[in-house]
Structure formats: C-alpha cells, structure tokens
C-alpha cells in the first residue's frame, strides 16, 4: 500500500513539474495561438490578460486603447459610406450628404478623431441608407464584427473623460503583425502564449515558434463560412481555415503536440445560420438551417483532416465573452494536465 502511494505521489510530482517545465530553464507552458486572420486570435490573447490570476487591464493600459478605438470607429464608418456610394445609395437626411463626402476622403486613423467627427458618425449611423448598407455586409464589402458596437457607443467615446472598458478593449481591432508574446498565470500554472499574424503575408514568420510547444490552440471563425478573404476575394474564409489546419496538424513539427480547436464567433454563427444555409458553400452539408447539425458538420471537417495520432480537442467559443473563455480555459488546463499525465504513465 505504501509503495502504491509512493508511486502515485511521484507521478503527481512529475506532472506538476512537467507542466511547469519548458525546454531549458524556463518554467512556463508554451502555447502557440494559430489561425487565419480575423479568426479571433488576438481577442483570445487579450482575454488571457483578463482571466489570469489577479488579471485585467489597468486604467493606464486601457487608456492606451483610446486612439485605437477612435480609429476603429472612423475606419468602419468610412467602409460603410464607401459601400453606400458604390451602391448608389443616397443619405436619407440631406444634412448627411456633406458627411458622405467627408468620410469618403477621411484618413481612417485615430488621429482624425474630433468631437465633430464623433457627431458625424452618430448622425450617419442613424441614417436609413447606412443602416441598409450595414445589412448588406459580407455580401459587397468587409466590415469588422464589432462595428455596430462601436457606433452604438459613440456618445460614450465622445466624452472628454472617456476611459475604455474591458469590453471596449476586447472589441478593438488592430491587425496583428509579427509575433505577440504574453506571460500569464492561470490557476497557479505559468503560461507563455504566442499570437502570430494570421494573414497570408504573416505566416512565414511562424516557423521559429514551433520548437518546444506544449499545445497549439487553433482558432476558426465559424461565422465566416460565407465570407471571402481580404487578401483574395475568390477564396472562401472557412476553406482557407481548413487548408491551414491541414497544413499545421499534419506538420512534422507537431507530431507530439496537443491540438485544441476554438470554433470561435459562435454567437455570430448562431444568428447567421438561421438565415444562410451552410450547404450553399459546402454542398456535402445537408442539415439545413440547424445550429447543431451545422456545427457538428464543421467540427467533423476539421477533425477528419488529421492523419496522425495527436489528440485533438474542440471547444465552441465566443472570444468577447470573458466568462465563456474562462470556462473554456479551465477545460484547456485540464486537457494539458491529462496529456502530460498520459505521457508520464506511458513513458
């Protein structure tokens, strides 16, 4: 009996040690966050800052996002106005004609922000022509997922004492270029997470991140099954995700690496799948406008790509929902513990 307890205690100590150990002297578990552009990777990355032990963005850190948020408001209204003009839509309110002209020429960065610009955005967002063109998003033009959130909150942003909230920070968008790195502790385990640019031009920078990875978290935007790439408008976004996952999961770099798929933007997908049939873009799907049927079909498409023996775990996520990501990351932590336990007992 004492011998069994000693063996079990040793295994427990080994698991604890291995989970904290990375190659060399670093006491961290290395997570590689991969996926195509706009799959929600960077939002997941920011969530880690919030859900970590004693986490969250400080006031000073949130203030640094102000001009990013201002820039998001301006750039997304410019997209809408440009799309409206291209479709020959005129503003309902004659006063907005000059605003159409202004936003067709405006520089989209946060440096263009003024209280007058904030009022322009408020008036344009309430115009029927802009609302009509907004409903055409994903068909004729590409708009960020959080555009409506920013427009709805424009009055708050215009306050001279405005301090971004955690939600504002999560919804803000800056294209990831190169490699972003963060160190955080979650339930007493040290993690090192690397977020790399998802656009095609950024993927060549991934290669040197592949060494000593404990797990790959691969993000897929469920809601983009009917959308095309910004870089190549003839390529379906979900098909691009499938191609990328196929390349990564079957790479020799990851033969012994755990894979965790985050099927992200589940909230947007639930709204869209009730109106737009997945079968229009993936003819093998015959499950109709069913959320359950469509999510299981998509999940199977990805899981079937693996030709190796890796264990692949899947979670349906909403990256802007902190409670959801905290719940999912508890499961991810348990997955890593079990993976290391299985490695030790099979050693």
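We count from 1, first residue shown onward.
In case you wondered, yes, glycine gets a Cβ from its N, Cα and C as well.
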Matching range for Swiss-Prot feature annotation, region 'G2 motif', among 150-158, 159-167, 168-176: 168-176
Region 'G4 motif' according to Swiss-Prot, located in which of 244-251, 252-259, 260-267: 260-267
Swiss-Prot annotation (region 'G1 motif') - matching range among 16-29, 30-43, 44-57: 30-43
The annotated region 'G5 motif' range in Swiss-Prot, which must be one of 305-310, 311-316, 317-322, 323-328: 317-322
Given ranges 131-140, 181-190, 191-200, 201-210, the stretch to which Swiss-Prot attaches the annotation region 'G3 motif': 191-200
Least buried by Cβ count (within 10 Å) of the binding-site residues 42, 264: 42
Cα separation, residue 42 (Mg(2+) binding site) to residue 319 (GTP binding site) (Å, whole number): 9
Helix, strand and coil counts within the region 'G4 motif' (260-267) (DSSP): 2 helix, 5 strand, 1 coil
Rounded distance in angstrom between the Cα atoms of residue 35 (GTP binding site) and residue 42 (Mg(2+) binding site): 10
Residue, out of the binding-site residues 170, 196, 319, whose Cβ gathers the largest set of other Cβ atoms within 10 Å: 319
The region 'G1 motif' (30-43), counted residue by residue under DSSP: helix, strand, coil: 3 helix, 5 strand, 6 coil
Residue 196 (GTP binding site) in three-state DSSP notation: strand
